[in-house]
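*Asks:* Okay, so Swiss-Prot annotates it like this:
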COILED    494-521  coiled coil
REPEAT    8-41  repeat 'TPR 1'
REPEAT    42-75  repeat 'TPR 2'
REPEAT    140-173  repeat 'TPR 3'
REPEAT    175-207  repeat 'TPR 4'
REPEAT    372-405  repeat 'TPR 5'
REPEAT    410-443  repeat 'TPR 6'
REPEAT    445-478  repeat 'TPR 7'
REPEAT    530-563  repeat 'TPR 8'
Amino acid sequence: MAVRQIKDGEYTATIYRLIKEARYGEAIQVLSNELQKQYRSRAGLSLLGYCYYQIQDFVNAADCYEQLIQISPEVEEYKLYYAQSLYKACMYPEAMKATFALDNAAYQSKMLKLQASVKYGEEDISGAKSLVEQMPSEDPESEINMGCLLYKEGHYEEACKKFITAMQVMGYKQDLSFNIALCYYSMKQYAPALKHIADIIERGIREHPELGVGMTTEGIEVRSVGNTLVLHETALIEAFNLKAAIEYQLKNYEAAQEALTDMPPRSEEELDPVTLHNQALMNMDTKPTEGFEKLQFLLQQNPFPPETFGNLLLLYSKYEYFDLAADVLAENAHLTYKFLTPYLYDFLDAMITCQTAPEEAFLKLDELAGMLTEQMRKLTKQVQEARHNRDDEAVKKAVNEYDETLEKYIPVLMAQAKIYWNMENYQMVEKIFRKSVEFCNEHDIWKLNVAHVLFMQDNKYKEAIGFYEPIVKKHYDNILNVSAAVLANLCVSYIMTSQNEEAEELMRKIEKEEEQIAYENPDKKIYHLCIVNLVIGTLYCAKGNYEFGISRVIKSLEPYNKKLGTDTWYHAKRCFLSLLENMSKHMIMLRDDVIVECIQFLEHCEIYGRNILAVIEQPLEEERMHIGKNTVTYESRQLKALLYEITSWNL
């Protein structure tokens, strides 16, 4: 960026105009340039420190104020601003040391507040509490400080009351409203939390339209608003992050992503750690490589969101990067005790063990499951006793604790089941699920996985229907919210139990919804009905009826520009590979017209599959596939060449 040229005599006026117009970046550039000429100018350093503070660059602000203290040690404000800048930069030991230089009685109250904030930042809650108790009780900020301490101790309800009292005394303040929302979120009372968040957002839009709320979601290209003090005071970033977290907890994943794009636009290097963490987490399904990079980057920062460490390890386990998870645990032993609960550590330890010693891992998981089931039995008893005593608060507390324990138990149970699933020992998987029916029979994830394991056993389609049907009926009005695999498995189960009418009715329902979406959004690709037909085609191929099965597979991918995708190609090529294998062994013969149909299909896939990946590679794969080979076009040519070779047709 070119340095602004300023005429003689206009320097001071230009600087103050830039500051007045909140063009701090330009002001910093001019001031930095001028300070090279006038080394350690007090006026220049003071303005530069102020500008750095306004754009939240606290490290450089602290550097300016440190120089100012050396120039003018008698000015107490510089000592205060220096300590505040160090605190804001999370340099807590340095900030605490700087506060001791404040010996003017007029700054006693501010010094105490700053020292308490430093102790709070260092998570020295008892130290912070003793300092807060020294402050005047009539100071409304003491209510806020006590609220923060109560929140940190997990007393969310009492903390919430403190913040509400402070708001009544001080009037509406965005940061207080956010604190109240955060308390409600921690108590899992999402409706009042969202109400306070909505208030913050509405006020931010009304008072600061220049911050461009919602512009990115609308697809409008806007320049970064930067990390200004104004943005910080609106609490918009915090509000949108909390809204995203609530929507994510409620499994409204699109709304969660939208909350992140609705926030005022900033460039990636300007993003705060919480936003970066949430972006990584909520876009993991579509941008896993990027997500891992962001979480790994955050782990190197100080401080980072406390959830980062556990989430990175859990995601490594989800994607089966157990070696990486083990490395992170070994390299960051000091973080283990600080950021991982005993439950999470034991769970991750068992998951890592799965890779090399599945039997040992199963025993570790079994021990963890036993501990959690014991807790749930105790909590069930507490709920019954509280209901008998008509103690609604105790009932509510015990039910919440039970639900939290169940959410810990489900992943442990699924990890146990997966060990036997990978061995294709489906009877053992079913046995594990049956043992957990006492606790999980109402849980959607449990019901879904029970359905899958029954479906895989071939002779239990009727029982599988009993579990798949309630899931589908629950979302019948928005049937495309159900995964295509579930719909396909239910259709196959209907066919295998001679309930063809039910299968056809379900397929008509899917077709009707797909037509409606195609009408509203012609460019959107929807694969549900296509995958259902592909799975049915696969079923007929598996039963040896290749002519009907392959024909169904081919028809399901029409029109190719709408139906050909990585997932649909995966199902189609499996059928073709099975067909070619059986033809090469002379176990089946195809009529010439069917072979012609197959060749035409593969040629269509070759045309439409140029920009479609044949395989979605793992995000952290070191050896990447050749870009020219990882396409549907390349694989369809390979299949066509094999078909010509096996049938001895002339090219």
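Using N, Cα and C of the backbone, Cβ positions are placed for all residues, glycine too.
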*Asks:* What parts of the chain pack near the repeat 'TPR 4' (175-207), using Cβ distances under 8 Å and only residues at least 6 beyond its ends?
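*Replies:* For the repeat 'TPR 4' (175-207), the far contacts come to 144, 147-148, 151, 156-157, 159-160, 163-164, 166-167, 213-214, 233-236, 238-240, 242-243, 245-246, 249-250, 262, 400.
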*Asks:* Counting only residues 6 or more past its boundaries, what in the same chain has a CB within less than 8 Å of a CB in the repeat 'TPR 7' (445-478)?
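*Replies:* Sequence-distant neighbours of the repeat 'TPR 7' (445-478): 410, 413-414, 417, 421, 426-427, 429-430, 433, 436, 486-487, 489-490, 492-494, 496-497, 499, 506, 509, 513.
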*Asks:* How does the repeat 'TPR 1' (8-41) divide up by DSSP, counting helix, then strand, then coil residues?
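*Replies:* Per DSSP, the residues of the repeat 'TPR 1' (8-41) fall into 24 helix, 0 strand, 10 coil.
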*Asks:* Return the average pLDDT for the repeat 'TPR 7' (445-478) as a whole number.
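*Replies:* Summarising the repeat 'TPR 7' (445-478) by its mean pLDDT gives 94.
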*Asks:* By DSSP, how many residues in the repeat 'TPR 2' (42-75) are helix, how many strand, and how many coil?
*Replies:* 27 helix, 0 strand, 7 coil
